[in-house]
Amino acid sequence: MGETRLPRHMFLWSMAIIYMFAFASLYVQIPGLYGNEGVLPVRLVDPRVDGSRPVLEQIHAHPSLLWLGPRLGLDLDAQQAMELLCLAGALLALGAALLEPLRDSLVFFCLWALYLSLCQVGGRGWLDSLLLEAGFLTVLVAPLNLLRWRSAFRQHDAVTFWLVRWLLFRLTFGSGVAKLASHCPSWWGLTAVKHMFEAQGIPLPWSWFIQQLPDWYLKLGTVGLLVTEIAVPPLYFAPIRHLRLAAFYIQAVYQVKLMFVGNYGFLPFLSLALTFSLLDDDHISYWLGHGKKKSAKTWHQTIMSLVLLAVFAAIIYGTKVLFTLEMDWETKTMTSKTAFTQQQFGNWLKLVTGPTIWVGVLSLTWEVVAAMLGCVCVRGCLWKLWGLVQWAVIVSAAVAVFAISVVPYSSMEQVYSSKILPEVRQAYSLVERYRLVSAYSLDSRVGGRSEVVLEGSMDKNTWTEIEFMYKPGNVGVAPPVVAPHQPRLDWQMSQAAQGLAEQSPWFTSLVHCLLQGNKDVVRLIQTDSAQYPFSQAPPVYLRASLYQYWFTQTAQDWSGPKEWWRRDYSEEFYPAVQLGDPTLEGMLNQHGLKETFPIQPSPDSPLAQALKQVRGHVQTLPGHLVLWSLLATVATIWLFKTLLSGVLGGRKAKPTPAEPKAKKAKAQPAAKNASASSLKAGRENSEESRRDADKSPKKRK
């Protein structure tokens, strides 16, 4: 693979932006989710600092910086400590996005440690795990600018960047395999995409319009999705550059499409950042117009083009055979059926799990050997030794990360998972709490949409529905545009609807907080108090019902929807309760959500006062507006920097960079020849002037 300096810069910049989104999105939700009077107060899970235990031992037992506050003398409560970590992470990520020197390994390590500390309290979802794993790899990929290492001694960059490609493979291939391994009828019947738009966490307004497309088109979308996630990922490790670039464009188009079909938080942005590992400097230079001029096609390029066409022809033909797609153009219907059984797919999975790991081993070995040869070819014995030392350290870290990542990756196939060495499993168990690697299976099951609808009442006779800002509720309200914000309560409400209330203990705490009229929790539901029906006084009674939701159908005149949803009552999800109700109190005690000690007053230190001031300016804004404002700020600053550099560049010519020694050596003889010819020309001119003077009349006299 060619040089990857430009793709690495793109990846690091993207990770800084994604970190900024993640910290800011969590910050606006801290008071309602984990605040002192939130749904899951952080003080209930905050382990008390044991002064007798060493700091490193306590951090290993509870890897979070939140526990270090008392040791550092910070007069902050648990909520304020979380807010401080969030603000520090968001500002540091913003600086890294705007200033290239801050895209440093130490800076990204701080971002990873800050986000890990916050996730120990509330971020236990797969999206947080994906960001933590990608963030740890960013620490290895980013340069250590404090040492001012020369680029000649960064031969190991290709090895660390390869780990990003391996993560992209596990994310896409693992998700694709999980869809069929789940035995979900929607995936095997190729109707998953038809249900996915209405069943996703938080749909978009145009998800309704996509849902109205013909069934044959949506079936093709299901097939294309499975091919993109199962057949294309092995091309990430293809020795032919054109195949890797083709895989990049396929995945990039898929991730961009994901941004426009659903509110998936920062997942599409993070997945798109991972795809940069498939690029090289030559291709990005071609984008920027700095690439080499196109020359006539050689036989090598012709063969590569034919191989590329053959591979994709095989994928298309295999897709048609395996899914037996037949289109009836008269009725505009498509008949489709998988040509293999679930047992045959299981046998195939047993066959490919091991080979995919060995392909990863061979690809990593190639990068390791190439990096070692690059270090050996450096001039000077000391520089060779220094380069080999760096190579040994980075390669050891890369091999260790790859080895422990095999454990969650092989979990999709139990037979091969049992063959993993016990030492590797033990190493994985030691670092599992740091969430360095994880298993991913996105949208493995797709079915109908169930929603929990909360209702409040003052007299237990007249019930008023409580509308959420983001999740579906009122059938006449259009779905919102939220991304890259991740509304955690709305997502959890959708997840809770798939099970029982007893399986979501936080729901009891939510009901209890709403009965108390907790303003921080109410702002999670509606930041605009006019939209909350109990803004003047909290409800006396609360209950929750389970409804089935579907998108409405297109009208005969193809006009826009008057009602976006239709719904049917399913069953009771949570009984009607009030404060002091034995059922409510019993469930609070059962799940450990009952206060066993009085809430301490918030500290009044200068730092605590500053945090309250910041919170006061943000608490009335919806989360998605805060993130959009940050994104607009970054874009504006980048625009001004570009315009300013263009103006200054037009007034003052940039100094030419120092040329390599080889070019200087070649230029010296040319300079000598030029100076010699100028001296010779000067002599000839002086002789000619002397002859003219001798021939002049004055001279003859």
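From the backbone N, Cα and C atoms, a Cβ is placed for every residue, glycine too.
Heads up, TrEMBL stuff is auto-annotated, nobody curated it.
Annotated by TrEMBL as transmembrane segment, the relevant range among 126-147, 258-279 is 258-279.
Residues 12-13, 16-17, 19-20, 22-24, 26-27, 30, 34, 42, 65-66, 69, 74, 107-108, 110-111, 114-115, 117-118, 121, 607, 611, 614-615, 630, 633-634, 637-638 of the same chain lie 6 or more positions beyond the ends of the transmembrane segment (81-99) yet place their CB under 8 Å from a CB of it. Taking pairs at least six residues apart, the transmembrane segment (216-238) and the transmembrane segment (299-319) share three or more Cβ pairs below 8 Å and count as touching. Here the domain 'Lipase maturation factor 1/2 N-terminal' (128-285) has a mean pLDDT of 88 out of 100. Sequence-distant contacts of the transmembrane segment (106-123) (same chain, six or more residues past either end, CB-CB distance under 8 Å): 12, 15, 19, 22-23, 26, 33-34, 40, 42, 45-46, 62-66, 82, 85-86, 88-89, 92-93, 96, 131-132, 135-136, 138-139, 142, 144, 146, 434-435, 488. Note on the transmembrane segment (625-644): residues 17, 20-21, 24-25, 28, 90, 94, 97-98, 484-485, 618 of its chain, located 6 or more positions outside it, place their CB under 8 angstroms from a CB of the stretch.
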